[in-house]
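Per TrEMBL, transmembrane segment is recorded for B:6-24, B:31-52, B:88-108, B:120-137, B:143-162, B:207-229, B:280-301, B:342-359, B:371-392, B:417-442, B:509-528, B:612-631 (among others). Residues or ranges marked as domain 'NADH-Ubiquinone oxidoreductase (complex I) chain 5 N-terminal' in TrEMBL: B:71-121. What TrEMBL lists as domain 'NADH:quinone oxidoreductase/Mrp antiporter transmembrane' is B:137-423.
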């Protein structure tokens, strides 16, 4: 007989994750119980409430975790100050991201009425007419958020893998649910799923190797084994350890979106519904970088100089490559979502710059960077959701025999850069906010991005990695080009409303061309034509039908998010001291 | 001092006036000029209160500093917003506010028909505020604020009628040449920071004695450069003549009585530095002597009444600089001459303004003549100013200028002979050109039409213009004598400039005075013969090379253009060319390189999952290989 001893669980330490995941489960139940009419409101309240609750829990734990890391179930869940800091960033960005998800410019949200319907089918058209909404997106967002919060707060490689899947699977689904350009969206989801599985396989393979090496899946035990202690029969086989570390790091870097594991990023960011893109760009990156810091910083303690040097070489190579790919390829993009996607790749590189050296200042810089980047990213994608195409069809007036009235239909997002010309005149405040986000991403002083970049690069210089810092500064300078190009386009170029020809083929007319970088012209045509119409409504278009770019400026949650993010970016740029202090506290004992 | 707290009000009142007039806009058009007069008058009243308070104190307690607190603090440098009230600054305060108030009054009438009169008064008030800040500041940095402030006000007022291109250009010229001088002040301040670590007068001047001669010389020369820019001294004199493009009251206040004397103030204030640097002191005296002659020669050939007066101003300030360069025996006389000059030169300019008012803004003296009968008040007031500048006893110029000439003859070696002779000859030339100006304008036959096309109907100016002229004329007559009584003025300045030991000139004093008077009478008589008795041609006659050169300001503009402007332009053009061909093209090539690289890398983003997975795997293998190669 084995005596079963119930584990004592520090519920308070788990509470941030628990609140979010429990609300997700509750949300699934509510889908079944609440009448369709009220579902969206109920889900929204539940989701926002859960995230706000998680934020409160994080705040309450802040002081406690400073004294000692909180270990639950033998380290399966290990809350360090740094992990808590990452959770805070994730929750803040998720809160803002959910508000964008909830936005309904022109009365329709960004998600398909029924994601299961075949694109362009009668069933889908019926669902659209019935006004169905896919309110499952809220629980899905909560599950993903829960996984992200778990990701940097575990000492257990198996738990790390579980967290990876918990955050990834809902994202795969979310990517497939766009209301418009559905084929593109489904293609993106399929790509993300396949490549994500591939990365997961790499990671779990790495876990297996490390387990073989150390005889344990605990990071602490592996670090000890690396240091030559412990009782594993394979201890001392550093090749095994290094290969394992490399594979796990590759799996994590895939989620971070760092080159050469970045290939999915532009396609998935473009195809996914824009609110989801904003959410995952900000939160996934934060969580994955958090997990990477946790993994590397813990193991670095046990590594001998040679192994450590090897890992540093990996970081150097990847950071350098990521910055170059992100900025250089970003320069030639013609689609705003792809510009932001490559910008997010470049930022992954800048964050990695802060990591080399495995120092506390580096970790603090990473936290601040993630917050600054997250605010600007969620805000920028929120702006993208409200810059739309509008189909104007003059209705012939029988009595006067003239086209006196026009019926307007709000179409999808106007993501081609040419369509953004002159947006500044249509919506000056929104443009100002967008310019602020871009300038922050470019790292212009007085914005959060400047302080963040400064912190990251000075951490690298402190660690002796000044060539990397120099490369980062050069890459930032190149990146300024494409950020400023968008601003110039919005503010100084006159609008070209008649640029886009009449709405043509139904949705997904050119799915093969869409979602790649291969040909800018083909891509542009796909966005202009394929993205033209709401699903299935299009009959033969009258000759006078034209598509104009319009900005939905009615106040909604997205506008609130833009305002909040802009305020945050400015505040972090002007008065960064208190947040820097918090980041410093969170980085006190990193692992 | 009980009233010391009033000192900031001296700056604040006119500044507030300027702010109200500039921010109030057109709403203040109707009463704005009176507000300007009021602000200036109030500042004068405050100055009088301070004077009364200071006079009650014994001489050694007459220097007081009033601090408003720390102005800026950078590292170890701390500068207070402090005002220094002492006999020297009070002298300037009273000169600026008194003459300034009179000129405000004059301008009410002179600018009556100008649509922008309010703006004019705003600038005048701004000038008064900046000038008072300049003289009251207790540190070089705060002085610099006022220094730049008067520069801005001067620029705005020279170009006040900027719808005419040459006025705007004149304003720009003054501004640019002043900037050259300002660089001197900036460099001087840097040197002080380096040597002393402070910019307050007390610290810097206290440490002057302990400086090495080289540093003191460098600081002294840089201060001299600053003074040359502001006071139109050689070689930065070229802007003053063009500055006459501004309205005449501006010429009277800024470009004759007050601002252009700021350089003299700066040097007298920095006297301890100059005394620690004999070379710099000598250069100051040389610059003064050169400018003295330069201005006098140019003044002889000018037919434009305002430009002749401007040349005279330059020459008179040359006297002051010469005195400031003579050391302790000269400081008090430099300031003394500055004060008397402020009165009679302002009076002369206002007279010139009255003549222009009468002659439809004509300034060509060859077309004046015989105006004495039409403009009796103007003729009398200008006549008194003329006698004062000639140095005829007992008018005020005699008391101040004659002392400078005497002081120039003091010393050993070649210096007294050179400086003394220059000062003496300068007095003679001054007598000639000022008499020429006076006789060409008021005496002789009239050379203007009273009927038909282009007819002039000269008439006396309104009372508001005549009153300041009369007051200043009274000052021109009596001020010098009054201030000399019992050595009053030199004693008054002693707490600042120190006591000057009496030295005997190399020539007996009676001989110097006699020589001076003889030369003055000769100059005046020559002018009388040429311009009052003989007929003055309406068109300037062809003349010898010296006269032609003097008419063109001794070729100062071509020289400046060749020596300063041309190399500068060549340098900028070369740099622009280099920027375009080297920097820009390198940058553009980098940009197109990035773009080409982007186009190339973009091909790998082909949309196929299989190739993405291959990229990922390939990348992993490459990274692994790199690590392997490096680690083992």
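Placement of Cβ uses the backbone N, Cα and C atoms for every residue, glycine included.
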- line: Averaging the pLDDT values of the domain 'NADH-Ubiquinone oxidoreductase (complex I) chain 5 N-terminal' (B:71-121) gives 88
Query: So which residues does the transmembrane segment (B:207-229) touch in its own chain, when a touch means Cβ under 8 Å and the partner is 6 or more beyond its ends?
result: 147, 177-185, 187-188, 191-192, 195-196, 235-237, 262-264, 266-267, 270, 272-281, 283-284, 287, 321
Task: Could you tell me whether the transmembrane segment (B:120-137) and the transmembrane segment (B:143-162) are in contact, taking contact to mean 3+ Cβ pairs under 8 Å with a sequence separation of 6 or more?
output: yes
Query: Does the transmembrane segment (B:120-137) reach the transmembrane segment (B:612-631), going by 3 or more CB pairs under 8 Å (6 or more apart in sequence)?
result: no
Query: What stretch, picked from B:6-24, B:280-301, B:342-359, B:417-442, B:509-528, has the most CB pairs under 8 A with the transmembrane segment (B:88-108)?
result: B:342-359
Field: Stretch with greatest number of CB pairs under 8 Å, the transmembrane segment (B:6-24) reference, B:31-52, B:280-301, B:342-359, B:417-442, B:612-631 candidates
entry: B:31-52
Message: Under 8 angstroms, Cβ to Cβ: which one of B:31-52, B:342-359, B:417-442, B:509-528 has the largest number of such pairs with the transmembrane segment (B:280-301)?
response: B:417-442
- line: The answer for the transmembrane segment (B:342-359), taking Cβ pairs under 8 Å and residues 6+ beyond its ends, is 95, 99, 102-103, 106, 110, 248-249, 251-253, 256-258, 261, 305-306, 309, 312-313, 316, 367-368, 371, 374-375, 378, 381-382, 384-386, 388-389, 395-397, 441, 448, 456, 458-461, 465-466, 468-469, 472-473, 475-476, 479
- line: DSSP puts the residues of the domain 'NADH-Ubiquinone oxidoreductase (complex I) chain 5 N-terminal' (B:71-121) at 29 helix, 13 strand, 9 coil
